[in-house]
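**Student:** Straight from TrEMBL, here's the annotation block:
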ACT_SITE  His70  active site, proton acceptor
BINDING   Asp71, Val74, Gly76, Asp78, Ser80, Glu92  Ca(2+) 1 binding site
BINDING   Pro167  substrate binding site
BINDING   His197  heme b binding site
BINDING   Thr198, Asp252, Thr255, Asp260  Ca(2+) 2 binding site
DISULFID  Cys39-Cys119  disulfide bond
DISULFID  Cys72-Cys77  disulfide bond
DISULFID  Cys125-Cys331  disulfide bond
DISULFID  Cys204-Cys239  disulfide bond
DOMAIN    29-335  domain 'Plant heme peroxidase family profile'
SIGNAL    1-24  signal peptide
SITE      Arg66  site 'Transition state stabilizer'
Amino acid sequence: MEINQKKLWLSLIVLYAITTSVLGDFGGPLLKGFYKESCPLAEEIVKHNVEVAVLKDPRMAASLLRLQFHDCFVLGCDASVLLDTHGDMLSEKQATPNVNSLRGFEVIDYIKYLLEDACPLTVSCSDILAMAARDSVFLRGGPWWEVLLGRRDSLKASFAGANQFIPAPNSSLDSLIINFKQQGLNIQDLIALSGAHTIGKARCLSFKQRIVQPNIEQTFYVDEFKRHSTFRRVLGSQCKDSSRDNELSPLDIKTPAYFDNHYYINLLEGKGLLISDNVLVSEDHEGEIFRKVWEYAVDQDLFFLDFVESMLKMGNINVLTGIEGEIRENCRFVNV
């Protein structure tokens, strides 16, 4: 009898260890309708205010989507990117990929203010980022998806991590693949998530090298009309010297205001704005990526389907749940 009781307790201890390692202490996986009882209007509050922000500034859709990318690639999807510098903690906002580049913080601040008024200390800043990214895509004509919720907010930021893990606009294909792999994302995710560049703008500083690089793009046709060099000359006229480093150019020159598959059509024509866009085709010596770019270029529904799948996968990177982290009262600061 005593031996059986010991076996039972050992089994329970092992089961608890496995459960907590997978789900976190008293936590659980991200869920649909996580705030259905605790804050039933949460998703509606986020959606309405994202819509207002995008109506005022259409570029804000891309900015809010980008915020979640830059958050999830550093420490995980935990809203660390929203923290301001405080004491010994240096904000990720000051890192090279983010400084004078990331925007939309005030939109998140206002949404958080409204949610705190409706449901104090209930909705996390990291979940706000996930919902805002989804709503931004949908408002620009892209797909809608059910965001899994239940994230909690980090207690720290990583300035060094932001400098190390966020892909640079002049990244090679190999470095992009390695970078995504570090986050648990594969080549399929890299191709699909790169399609986020169908909306938004970039500064001349981000694509200067694209203008002067050798004409090495490989496309599905012979460039007999010099489209590549003509495209670079147009970019060069916008970014003549360092005084124009902050001038903006659309990432998708054909349909910059719409979330669609024209990003991939641009790549096939050698008209991706960033070097990190064009390497998906120009440095793909095996042809695997090229084939998928072609598939997305001719089938927008397929792109939307894969984009949603990869967004859900990215949104689950190193999330904090249960009693991990906290629910911040102000997204810019850890609770006192």
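Positions of Cβ are set from backbone N, Cα and C atoms, glycine also.
I'd like to know what surrounds each of these features in this structure.
**Tutor:** With a 10 A radius on its CB, His197 (heme b binding site) counts 23 other CB atoms from all the protein chains.
Counting Cβ atoms from all protein chains shown, Thr198 (Ca(2+) 2 binding site) has 29 others lying within 10 Å of its own Cβ.
A simple way to gauge crowding: the CB of Cys119 (disulfide bond) has 17 other CB atoms within 10 angstroms, across all the protein chains here.
Within 10 Å of the Cβ of Cys125 (disulfide bond) there are 29 other Cβ atoms, across all protein chains.
Long-range Cβ contacts of Cys204 (disulfide bond) within its own chain (separation 6+, distance under 8 Å): Gln238, Cys239, Arg244, Asp245, Asn246, Glu247, Leu248, Ser249.
Take the CB of Arg66 (site 'Transition state stabilizer') and look out to 10 A: across all protein chains shown you find 21 other CB atoms.
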**Student:** By CA distance, which of the recorded positions (Cys72, Ser80, Cys125, Cys331) lies nearest to Asp252 (Ca(2+) 2 binding site)?
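**Tutor:** The answer is Cys72.
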**Student:** Taking only the Cα atoms, work out how far Cys331 (disulfide bond) lies from His70 (active site, proton acceptor), in Å, as a whole number.
**Tutor:** 15
**Student:** Given Cys72 (disulfide bond) and Asp260 (Ca(2+) 2 binding site), what distance in Å do their CA atoms have, once rounded to a whole number?
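**Tutor:** Counting only the Cα atoms, the answer is 23 Å.
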**Student:** Cα of Cys119 (disulfide bond) to Cα of Ser80 (Ca(2+) 1 binding site): how many Å, rounded?
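**Tutor:** Per the Cα atoms, Cys119 (disulfide bond) and Ser80 (Ca(2+) 1 binding site) stand 22 Å apart.
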**Student:** Please report how many Å separate the Cα atom of His70 (active site, proton acceptor) from that of Asp78 (Ca(2+) 1 binding site), as a whole number.
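**Tutor:** For His70 (active site, proton acceptor) versus Asp78 (Ca(2+) 1 binding site), the Cα atoms are 11 Å apart.
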